[in-house]
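Residues annotated as signal peptide in Swiss-Prot, with sequence analysis given as evidence: 1-25. Look at Swiss-Prot and you will find 33-149 tagged as domain 'Plastocyanin-like 1'. Under the heading N-linked glycosylation site, Swiss-Prot lists 52, 74, 79, 111, 236, 333, 385, 403, 451. What Swiss-Prot records for 83, 472 is Cu cation 1 binding site, and it gives similarity to another entry as the kind of evidence. Under the heading Cu cation 2 binding site, Swiss-Prot lists 85, 128, 533. Under the heading Cu cation 3 binding site, Swiss-Prot lists 130, 474, 531. Summarising the annotation, Swiss-Prot assigns domain 'Plastocyanin-like 2' to 159-307. Per Swiss-Prot, domain 'Plastocyanin-like 3' is recorded for 411-552. Under the heading Cu cation 4 binding site, Swiss-Prot lists 469, 532, 537, citing similarity to another entry as support.
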């Protein structure tokens, strides 16, 4: 009898817990107006597309468990999608916002509503345009706090402060599609260039602090093409999360963020009352390519309460722009917070193993054209010697859902077509080397069974020049089991992989001339993009996509698309049924 009573008590407790969980969730609604607006971060007026009249765009605040509803109204002259960078999109792949992958774009004078649940995630993420180069000016912070009543796994800070780092060009964003992309004119902190640049000396981000208080810095690298070092003069910070995954607290005086990465770090105002610079500088990782000699730090200010206005700010010592050891030391020392909120152990059994080479290459110069790349060709990029071609007639997700052929091929290779000394490319290449320099152009995907564990060795190559590539996976976090330089050794290096508390990311920088080992569980059906997060490399084709098949239940299967999903084609027969079986290869 007591056992029955105990069971009933458990049932009552579970019902109460479920009710409490539902009651704590909310529907959070926003409207994003995309318009072309004139702004002047430096000396020159520039017409750019921005959201709700601000650069960066509005910060979106939610709690874990909430439903986010965002109405995007496109009043700009550009096609637009919004990607929710790092959000899992469980059962909502149609809301991922990857242009021509999960949806066709929102065309000018049109609108679309994104709606999805925030499940199993806490921390700082970002939202941004996912049409090439529009991310430069269409972006903002997405902050996910714990459910009501649940604390952070660290002492509550006095204040939370978003810091968004940006890259600025005094030119039309359409020109950024050139190969290679033009060099940026400045970097910004929360939309301000600071005192290193003309015409902006009085426009600098200021963070006012109280001595002895702690501040949670929610740091986002929204720069289009550049890794960034970040430092605060005379202050250390404690990293507590990366890519919205809690970490073992890590004390450091310098951080590096790849494009698309986020860091949550606690700053303690523990220095004498005064004024201190915070600064960012670009990290130039390309081996053999000298860093720009006129690289300027972009600065903001930490101003202590009681500081006199006449005092000169203390300057930080910044690492050299090509300081690979400092970048690697920071990136490789982060570990996950074992037992923390949403932590899960590393799966030991692996179902799919892939070895993916990555890097730059060449694309034949069109006849009657002048190309400025090496050997008078156009720059290209590839994964396993495949240059990814983005579809133009219909999104890949729709093609998959409606069984439309001719849009992509299910043949992305698990291995590169040729084994060679990946990190040391010959100065006088052989015929086979030349083949590797001119990758195949194809829209390739890799199909994975639902709930499979996938392990990927990402090997950077020295074709043209090795540089760090920030690889971003949509729809999942992945375990980063190890980093290294040189060619990955499947015996020696595999023994050193961290299977206990590896860091987890949605975006990771592959070291120049080195490798990274990733592992993730494919538990989210749909088509998910995997690509370099330097936008200059998107048109070069450093990307591929995974198709995760349906699971055994309705809850683990791909949902139908929303009725108002933007369409690329006016042909209504394509959308009649899931067995349309149209061929769009023409």
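Yeah, the Cβs are placed from backbone N, Cα and C, and that goes for glycine too.
Feature annotations (Swiss-Prot) mapped to structure.
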residue	record	DSSP class
74	N-linked glycosylation site	strand
79	N-linked glycosylation site	coil
111	N-linked glycosylation site	strand
130	Cu cation 3 binding site	coil
236	N-linked glycosylation site	coil
333	N-linked glycosylation site	helix
385	N-linked glycosylation site	coil
403	N-linked glycosylation site	coil
532	Cu cation 4 binding site	strand
537	Cu cation 4 binding site	helix
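Residue environment of residue 451 (N-linked glycosylation site) contains 17 other Cβ atoms, counted within 10 Å of its Cβ in all protein chains. In the structure shown, across all protein chains, 111 is the one of the glycosylation sites 52, 111, 403 with the greatest number of other Cβ atoms within 10 Å.
Around residue 333 (N-linked glycosylation site), the C-beta neighbours below 8 angstroms that are at least 6 residues distant in the chain are 250.
A simple way to gauge crowding: the CB of residue 83 (Cu cation 1 binding site) has 28 other CB atoms within 10 angstroms, across all the protein chains here.
Measuring Cα to Cα from residue 128 (Cu cation 2 binding site), the recorded positions that fall within 10 Å are 83, out of 83, 236, 451, 472, 474, 531.
What surrounds the Cu cation 3 site, by Cβ distance within 8 Å of the Cβ centroid and not counting 130, 474, 531, is the set 83, 96, 98, 101, 472, 529, 530, 533, 543 from the same chain.
Across the structure, residue 403 (N-linked glycosylation site) and residue 532 (Cu cation 4 binding site) are spaced 28 Å apart at their Cα atoms. Listed in sequence order, the recorded positions near residue 474 (Cu cation 3 binding site) (C-alpha within 10 Å of its C-alpha) are 85, out of 52, 74, 85, 385, 451. In the structure as shown, the Cβ atom of residue 85 (Cu cation 2 binding site) sits within 10 Å of 27 other Cβ atoms. Averaged across the domain 'Plastocyanin-like 2' (159-307), pLDDT in this predicted model comes to 92.
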